[in-house]
Structure formats: C-alpha cells, structure tokens
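Have a look at the structure below before the remarks.
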Amino acid sequence: MTKYVFVTGGVVSSLGKGIAAASLAAILESRGLKVTLLKLDPYINVDPGTMSPFQHGEVFVTEDGAETDLDLGHYERFISTKMRKANNFTTGQIYESVIRKERRGDYLGKTVQVIPHITNEIQAFIERGAASATCGEPDVAIVEIGGTVGDIESLPFLEAARQMSLRLGRNSACFVHLTLVPYIATAGELKTKPTQHSVQKLREIGISPHVLLCRADRRIPDDESKKISLFSNVPEDAVISVWDVDSIYKIPQMLHDQGLDRIICEELKLSPKDADLSMWSELVEKLENPKHEVTIGMVGKYVDLTESYKSLIEALRHASLHTSTKVNIEYIDSEEIETNGVDSLKHLDAVLVPGGFGRRGTEGKIAAIRYAREAKVPYLGICLGMQLAVIEFARDVVGLKQANSTEFDPDTPERVVALITEWYDREGKVETRTEDSDLGGTMRLGSQRCPIKPGTLAEEIYGKDVNERHRHRYEVNNRFVPQLESGGLIISARTPSEDLPEMMELPRSMHPWFVGVQFHPEFTSTPRDGHPLFKSFVEAALANKEARAGVQA
C-alpha cells in the first residue's frame, strides 16, 4: 500500500518546495524505496501550456506529452521514476472534471459543493497519479501542494490532504511544512515569528506538520530551533534547517545529515535499508573540481527570468559534470543584438539559441546564428533555435532573401518554416491542427523516436536513432529542403511517419560543430547520466576555446 508525504509551504512562495520534495524523494529512493512525486497547482488554468514564461517560468513536457509545472523537471532529475500527465494537476482540471460529471448526472441531482465533491475529486486525482507511477506501485508518494498556506486557492487542496490523511489512518500519511526564517540585518538575528504564524495557520485548517523545513540564508542555531519546536508543537529533531547552498545537488545530503528520511520512515512505519548517497557526493565533488572552463552565450528574449530555461540550464550543468568543465552561461537579450550588433558574442566559446514563441527578438537571434556560422563558433539551436538557423541559412547561403516562418510573417512567399497541420503522436494516432485551433494542448507534444542519417555528427552523438520530447507548432517545410541541401545543409534525422525534419547540421567542411534540433533534449538530461548532445556541445566549446588560445599564442 502506498503511503503519502504531503509537502506544504508557508510565509512566501518560491522557497524551494519542489527541490525539497525531490531531495527527500532522492534520499528515500537511495534507501531502496519506490518513490513517485505529484505536484498540485492551485491556479485555474487547465495546464501551464499557454501561460507566459514571465508568469510561470518553464513548461516541462513529460514523455506522454503533458505540459506541466517546472517542478516535474526537478523530480525527474532527482529520481529514476519518470513523470506522466497524472503527476501534475490543477484547480482548472479538478473543476473541469467535476462540472463534466455534474452535466452527465453522475451526482444524481445533489448540490455540488467544494466539500465533499471538489475535495473528493482531488483525492481521486492524487491516488490515480500515485497508481500510474512508472516504477510500479510506489512505497511512497510525495505530494507537493503549490502556493502558500493562507491562500484562498490552496484551501481545497489542503482540506483534501487533511481528509485523505484521516481516511488512510495513522502511519499512512505525514506532513512536511516548508517555511521561511528570515534574517533581519538591522537586528542581526533570525526571526522565527513568521514560521510560528505559518504553522498556526496550518493547524487552524486541521493539519499538524510532522516536520518543519526552515529556509534561511544560514544554518539555524539550536536555540532558534528549540524556540520553533516549542511554539510549533513539532519535535526538536524534526525542525530541520535548510540554508542557502551554491548547488541544489547538495540538498539531499543536507537533509539526510539532519535525519529527515529517518523521521519520515519512522512516521510511516517503513524499514528500508540505509541511505546510500555516494552518487550525490560524487556529483558535488565533480562540480566543485572542474578541470576546464568555457563560456556559452544563451541568446533569448526571456533572459531576465532564468526560470524560463530551467531544464536547459540544468542540462548544461550536467554536461559540465560529465566533461569536467565549468560552464559559465551568459544570458544575452536578442533585442539588444538587434540594436547593438554582435560584438557581445565575440568572446564566447559557443552560442546557444533556445526554444521560444513569437516574432519579438527573432532578428537578433538570426544575427547571432549568422555570427556563429561565419565565425565557426559551435552552435546549438533548440526548437525555435533550429528553425531560425534554417531561416538564416536559407537567406544568407541559399539566397532565399525573403525566407521566414509563417509564425512571424504569414504572407512570406518563402515559407521555409510553416505550421504543421498533421502528425502522428507517440502512440501512432493522427493529430491535426489549423490556424484556428485553440492554443492550449494543440502542439506536437511528447516523445517520439526517429532514425538518424548514417555518417552524420548526429549519429556520432546519438547513435542509430533518437528519442526526445517535443513542444512546437511549426516545422521546417519539406518543400524547401532540396534547396537547403544543395547549399550544404544536412537533414540528419527525420520522423519515420511524416518525414518531418528533426535534426539539421552543417558538414565539417563548412563548420566544426553546428547543430539544430526540433525537439527539446534538455527535458531528458539528468545529473546521473548527463545528455550526449549537451556533452558534445560543451566539448566543442572547449575545443573552440583551445583552438583560439593556440592561434593567439
């Protein structure tokens, strides 16, 4: 029988509930337990797919094609269990499901209310999500409840968690509450009052936390922990300090050293083997002792909010671990390139253009791609970054001066990138879309396997085939591929069913390392294994740096 750990947050948002939940899951998995995680989001949107990156940050795509919260990316990076659509749900999905049932008459004429109908539906979604775990029936399901205690939006989720813990009985569920202990510089001390009030608010709802994770910019002294324990009615050893560190991969060891996994296992009456966190220790050791260093420029329009590129940033960090190379990422606003030119790129060892939507900033990205191609600087284009690389090549090499995407110019006569109208999903089902389709849930989503052209750089990196996740509406137009290939561009991977271009590259006679991919490889990178594409990219950046240093010498 699956047991549940509910993770809640108090005082303020963005304290790191997702990292804390993922770190706990990693420790429990290291003890031989099968673990899954769920994220409950209180917003009314059905999913984050149509939300602005400035509002929500990255949208993480699961293997089965769900657009989910970025915390699911942390979950997959910290444990071996893969996430699915059922691992993330929102208030919007809950209400949509309940209203559909009411319209069908499932409630037999009853008045449909938040309690019990909404709370029952939340519990059903939680249990369904746990049951769908890719690891089989999990021993523990960790349920992260988004938002902050006291928010109106979170109340139904907290009430559902309270009811569920009561229904399951003792030793079947426990609560971990993450809260802020701020340091007041003028007073020169940490303040515990916000934590006391947060726990009090939680207890008013009927939930008494078993563990407190106290976030601060420093380790919390024993005296303060005792005070928190006294006023919060939580045992002193269950008041756990979570201080700022320079790498999230240090968190599992930090929590284990303070006994979090022991407390959870005792509360849930679990008797697993001892934790083995040697993998995490080795990762941290590699992270802190690199042998090389490179600087990669990430050219985009969301560079002021790095949460928009969370998985991509982590994938580069994973590559740094597996190449013993410190990767410095410089975020470059593509609109500034449009105004000031490409001088800001000339010191870089490699250039990366990530995915994105909309016309704004695209000409700056194209200018960056042109610079990388002409200066022989390693280039990686992801999703939109591949499409723009094709547009730049079509304009500047093939001579199609009006080459563009119909996303940016619907009337362009040279539509080298255009809307996909029909494709197969990962299960072989035909999906269709038109210009008038809803934005939400109408992209090509999820993982798909496709063969790689022999003798290409793509084959060196991936082998015979590639299986990656997608999130896009537009695709390189096959009508222009013969002209692109006549100019030297190589389509190195295509979908087996629709023959859609998945990867492009330039031959080594034209460029040492120039690759574009229509998919999102960052979603499958983990600290354990890294990712072959990002490892190859970092190695190319290092080779470019060493070659330039040799020329200058």
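From the backbone N, Cα and C atoms, a Cβ is placed for every residue, glycine too.
Just so it is clear, the model here is predicted, and its values are computed rather than measured.
Within LYS82, LYS227, LYS250, the residue that Swiss-Prot lists together with SER13, LYS191, THR192, LYS193, PRO194, THR195, GLN196 for binding UTP is LYS227.
When GLU335, GLU336, GLU407, GLU498 are compared with the L-glutamine site residues GLY356, LEU384, GLY385, MET386, GLN387, ARG473 in Swiss-Prot, the one appearing in that site is GLU407.
Residues SER14, LEU15, GLY16, LYS17, GLY18, ILE19 are recorded by Swiss-Prot as ATP binders, and the candidate that the same record lists for that site, out of ASP71, ASP106, ASP139, is ASP71. The average pLDDT computed over the region 'Amidoligase domain' (1-270) stands at 95. Listed in sequence order, VAL7, LYS17, GLY18, ALA21, LEU37, LEU38, LYS39, LEU40, ASP71 are the same-chain residues at least 6 apart in sequence whose CB falls under 8 Å from the CB of GLU144 (Mg(2+) binding site). For GLY16 (ATP binding site), none of the recorded positions have C-alpha atoms inside a 10 Å radius of its own C-alpha, out of THR195, GLN196, MET386, HIS520.
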